[in-house]
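Here's what Swiss-Prot has on this protein:
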type    : residues                                                  : note
MOD_RES : ALA2                                                      : N-acetylalanine
DOMAIN  : 9-91                                                      : domain 'Phosphagen kinase N-terminal'
BINDING : GLY64, VAL65, GLY66, VAL67, TYR68, GLU225, CYS271, GLU314 : L-arginine binding site
DOMAIN  : 119-356                                                   : domain 'Phosphagen kinase C-terminal'
BINDING : 122-126, HIS185, ARG229, 280-284, 309-314                 : ATP binding site
Amino acid sequence: MADAATIAKLEEGFKKLEAATDCKSLLKKYLTKSVFDQLKDKKTSLGATLLDVIQSGVENLDSGVGVYAPDAEAYTLFAPLFDPIIEDYHKGFKQTDKHPNKDFGDVNQFVNVDPDGKFVISTRVRCGRSMEGYPFNPCLTEAQYKEMESKVSSTLSNLEGELKGTYFPLTGMTKEVQQKLIDDHFLFKEGDRFLQAANACRYWPTGRGIYHNDNKTFLVWCNEEDHLRIISMQMGGDLGQVYRRLVSAVNEIEKRVPFSHHDRLGFLTFCPTNLGTTVRASVHIKLPKLAANREKLEEVAGKYSLQVRGTRGEHTEAEGGVYDISNKRRMGLTEYQAVKEMQDGILELIKIEKEMQ
């Protein structure tokens, strides 16, 4: 059971949320008094409480979601809060629904979406994974961070062929290596205020690191927001090549590192927005005509469940008509379906852009 000091902090946080009339987070929407009373004294076997779940959203009232899972068990123990938030965010993934089993499908169904190279600047597919037997960031000890990093780096050092590469720990990294990784846009920084408030950045930079292959088309982040972020990317529009590389990497890593998986929610991640397939397939794409007709762009994006962001990701502008466009849906469909929906949408956008020229 949670101790008295934690419960007192929770009561205070709940009052703050209640008083914040302009707060629009899913946390505020679904943390009703009855849900709060039901969960405030619960504690996972690793010692995580409701405070670990909600503290980022309490501190940052401008959060969109406002909750994180401190460990895998939290998704079950605090389900009365997580389930409605998951249903709301992953439109229509109801509390009775079950995420399908992993299915990368026929990898040869994916193509180069822009063979002429006129529209797509680069293509990227990533997924997140958590290592079984370890909690998520807020509950990890310094020793666990080190242990996880050594497991990950030794697993990655066994990769062969085009996945073969080098692991760079953030601890003790030289300025030269750091600058090189920044120039390649590979280096991740210490978490933003949302992650800081969720206690996701403790013992930084212990246990954190970056692996990339020699061609710089395959990347693994160790202990950034999730235990593992596995990323495949390259210039141009060859989604097929990018997807096949990711699938072979995930399968290779999975042979050596067991991943946390939930019967109902799929692959588990620190943030509930990434659950399920955890897959985000995206392109940087130039659409000058559609950029001038934002309504049409949003209409097509809506039809194919695409998320349109500015050039540098969330909350940024499109520079020179370049957008970051990705699949929006991660839950209740297979990996294959998520990426296929994105491919169909991008092909349609390019077709319309050509017609408008």
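Note that Cβ sites are derived from N, Cα and C of the backbone, with glycine treated the same way.
Features as recorded by Swiss-Prot, highlighted on the structure.
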| residue | record | DSSP class |
| --- | --- | --- |
| GLY64 | L-arginine binding site | coil |
| SER122 | ATP binding site | strand |
| ARG229 | ATP binding site | strand |
| CYS271 | L-arginine binding site | coil |
| SER282 | ATP binding site | strand |
| ARG309 | ATP binding site | strand |
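Cβ neighbour count within 10 Å across all protein chains ranks GLY66 highest among the binding-site residues GLY64, GLY66.
Taking CA atoms as the reference points, VAL65 (L-arginine binding site) and ARG309 (ATP binding site) are 18 Å apart.
The two recorded residues, SER282 (ATP binding site) and GLY64 (L-arginine binding site), have Cα atoms 21 Å apart. Cα of VAL67 (L-arginine binding site) to Cα of ARG309 (ATP binding site): a distance of 22 Å. Closest in space to CYS271 (L-arginine binding site), of the recorded positions given as ALA2, VAL125, ARG229, ARG309, is ARG229, taking the CA atom of each residue. Counting only same-chain residues six or more apart in sequence, the Cβ atoms lying under 8 angstroms from the Cβ of GLU225 (L-arginine binding site) belong to GLY128, ASN137, GLY191, LEU195, ALA200, PHE270, CYS271. Taking CA atoms as the reference points, ARG229 (ATP binding site) and the residue listed as 'N-acetylalanine' are 32 Å apart. The Cβ of TYR68 (L-arginine binding site) lies under 8 Å from the Cβ of ASP52, VAL53, SER56, PHE136, PRO138, ALA198, ALA200, PHE270, CYS271, PRO272, each on the same chain and at least six residues away in sequence.
Counted over every protein chain shown, other Cβ atoms within 10 Å are most numerous around VAL125 among the recorded positions ALA2, VAL65, VAL125.
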